[in-house]
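Pulled from Swiss-Prot:
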type   : residues : note
REPEAT : 54-93    : repeat 'WD 1'
REPEAT : 96-135   : repeat 'WD 2'
REPEAT : 142-180  : repeat 'WD 3'
REPEAT : 183-222  : repeat 'WD 4'
REPEAT : 225-264  : repeat 'WD 5'
REPEAT : 269-308  : repeat 'WD 6'
REPEAT : 311-341  : repeat 'WD 7'
Amino acid sequence: MSSELEALRQETEQLKNQIREARKAAADTTLNQAAVNVEQVGRIQMRTRRTLRGHLAKIYAMHWASDSRNLVSASQDGKLIVWDGYTTNKVHAIPLRSSWVMTCAYAPSGSYVACGGLDNICSIYSLKTREGNVRVSRELPGHTGYLSCCRFLDDNQIVTSSGDMSCALWDIETGQQTTAFTGHTGDVMSLSLSPDMRTFVSGACDASAKLWDIRDGMCKQTFSGHESDINAITYFPNGYAFATGSDDATCRLFDIRADQEIGMYSHDNIICGITSVAFSKSGRLLLGGYDDFNCNVWDVLRQERAGVLAGHDNRVSCLGVTEDGMAVATGSWDSFLRIWN
């Protein structure tokens, strides 16, 4: 048995090397070569326009509504808060059954928010009830590990990622898991839906990113390169690439059609992990939230740092860019959210 395993291991290594060679042969240029004549973006200087105060403990997650005005945040204080980003008013403050929340999401329709964490359950809350109060409309149990990330496809479907090494697609009305996405060999930490909603990418503690077909439940591509856990992942606006942030202190850009890593964003002075990543609307800038309390802004094409958003007094745990591209929100363990532009 062990000799068979050894032979299979060697065969896999050989196949991996063949794939590496094939990828190298296909890589006829580099991002640096392609971007050599691109204008520099100049120093990106953003100011904090709003500070959202109200959480009493570390903020773990945030997500903008599709109206680019409201946002939802989740904190260790056991509250989910829906904010009006223009006025800084709290639209809803939702007490959670479990305060160990790690992720939250806003439905595209604006009618629902979802959250989950160490309770292994994705809870869906209806914001548009007749009585005007917010209530749990559905709980989705089924994962055997913590819920690390969730994103709505529509009001009746949500995709989740979990510490049980899997992702899942749920039918919210029936409360059933319709598809399980298995293949990662470490906790899945983050997911991002493609702009056309047909695929999603996931990043995990096996240091790999995977691309999944939502309809047939299959892993279509696997991307390696990181040297440690991938904490965050986000699609490029056109859907042909995605970026990741890792504990190895780098963000990386992967091209889906080229099937490989094409860019890396790092600096000798940055030695801490990345918690969150987001692209500007055009895709020219990549924002990363770091354990050292900063948010770095990278020029995607030239692979150089273009700015820093400094202002939090603790780890930046989450960030998001509005759909209209006009503002960035950062959330932190200092219990505050800041809106920049």
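Each Cβ is built from the backbone N, Cα and C atoms, and glycine gets one as well.
These figures come from a predicted structure and were not determined experimentally.
Residue counts of the repeat 'WD 2' (96-135) by helix, strand and coil are 0 helix, 18 strand, 22 coil (DSSP-based). Helix, strand and coil content of the repeat 'WD 6' (269-308), in residues and according to DSSP, is 0 helix, 22 strand, 18 coil.
The repeat 'WD 1' (54-93) shares the most Cβ pairs under 8 Å with 311-341, out of the stretches 142-180, 183-222, 269-308, 311-341. A Cβ distance under 8 Å defines the sequence-distant neighbours of the repeat 'WD 4' (183-222), meaning residues of its chain 6+ beyond its ends; these are 145-146, 148-149, 151, 153, 159-167, 169, 228-235, 237-239, 242, 244, 246, 248, 254, 256, 259. As a whole-number mean, the pLDDT of the repeat 'WD 2' (96-135) in this prediction is 95. Within the same chain, residues 23, 26-27, 30-31, 186-187, 189-196, 201-205, 207-209, 211, 270-279, 281-283, 286, 288-289, 298, 300, 303 sit at least 6 positions outside the repeat 'WD 5' (225-264) and bring their C-beta atoms closer than 8 Å to a C-beta of that stretch. Sequence-distant contacts of the repeat 'WD 6' (269-308) (same chain, at least 6 residues past either end, Cβ-Cβ under 8 Å): 31-32, 34-35, 38, 40-46, 228-229, 231-238, 243-251, 253, 263, 314-321, 323-325, 328, 330, 332.
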